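Below: the structure, in structure tokens.
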């Protein structure tokens, strides 16, 4: 009986040892199956949304260049107006009276100038007979009379200009704004009477980070990307025309590190200056794209795991534009087998097999 029990114990121990030696061998031969995405160069569109105020490309304040009482108004708010069209008329009576007075003075001055001219001609014929002092006095009176005529003529020209400026015309074609003064109001020089807005072209100002702008400019120059801008209005409609960059500011704002970029749109009457709208900047880029879930990030860098010769490798990448499902990456070789699931359970150089 004792021999039988001893044999059973010995057999049990041997079986246990055998299992312990077999199980590690089984674990070592287990290979994880992974799902991969084969990295390819693709063309994709990425849309950035920015809110902005619609500004008219052409907007001019209508000001008076001479003082006077507002006598007549020929326009109303909302009227379409052509360049040079009459808008306002100021009272010119004071200038007309001043002109009449100056013209009367000019007539007298011309009479005196004619008399002085005749005296001057006679004195020139009598040189040698008249005293030198007398000849000089005649010549001085002649020059003073001529100068007085010229002075009055210039003063009349100035008054004529003031009279002309009492009629105020539109400097550009556009739409008339609300008036700032009523009939009878006293208008001073340089006061704004109205604002003309031409909204046939509208602009949106976009502040772009200087590094991003440099990247965009380089992509455009190298032909790696194309850009188009659309305008979404508050009612959800899209302006038919595409925007074009009309200007880029000549300096970086040191407080924000950005540059102001103006994007211009042709307006078909659908939008109005002063509206808020959503600027849709669509960037079409040809680059390496991978699914968003393939990217692993830590405090130091961004990575993807790839399969090379049935082993897991970790590749550091630089991230680019993102869409809902994919992300542009730089630093990844074409046709790389990028692991898209279960990266947290993997380790570098681990043996894996690709699903499918």
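Don't overthink the numbers, they just go from 1 along the chain as shown.
Just so you know, glycine gets a Cβ as well, placed from its N, Cα and C.
What TrEMBL annotates here:
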| type | residues | note |
| --- | --- | --- |
| SIGNAL | 1-18 | signal peptide |
| DOMAIN | 59-197 | domain 'Multidrug resistance protein MdtA-like barrel-sandwich hybrid' |
| COILED | 90-169 | coiled coil |
| DOMAIN | 203-270 | domain 'Multidrug resistance protein MdtA-like beta-barrel' |
| DOMAIN | 289-352 | domain 'YknX-like C-terminal permuted SH3-like' |
Average model confidence [pLDDT] within the domain 'Multidrug resistance protein MdtA-like barrel-sandwich hybrid' (59-197):
91
What are the DSSP helix/strand/coil residue counts across the domain 'Multidrug resistance protein MdtA-like beta-barrel' (203-270)?
13 helix, 32 strand, 23 coil
When the domain 'Multidrug resistance protein MdtA-like barrel-sandwich hybrid' (59-197) is classified with DSSP, how many of its residues are helical, how many are strand and how many are coil?
67 helix, 34 strand, 38 coil
How do the residues of the domain 'YknX-like C-terminal permuted SH3-like' (289-352) split into helix, strand and coil according to DSSP?
6 helix, 34 strand, 24 coil
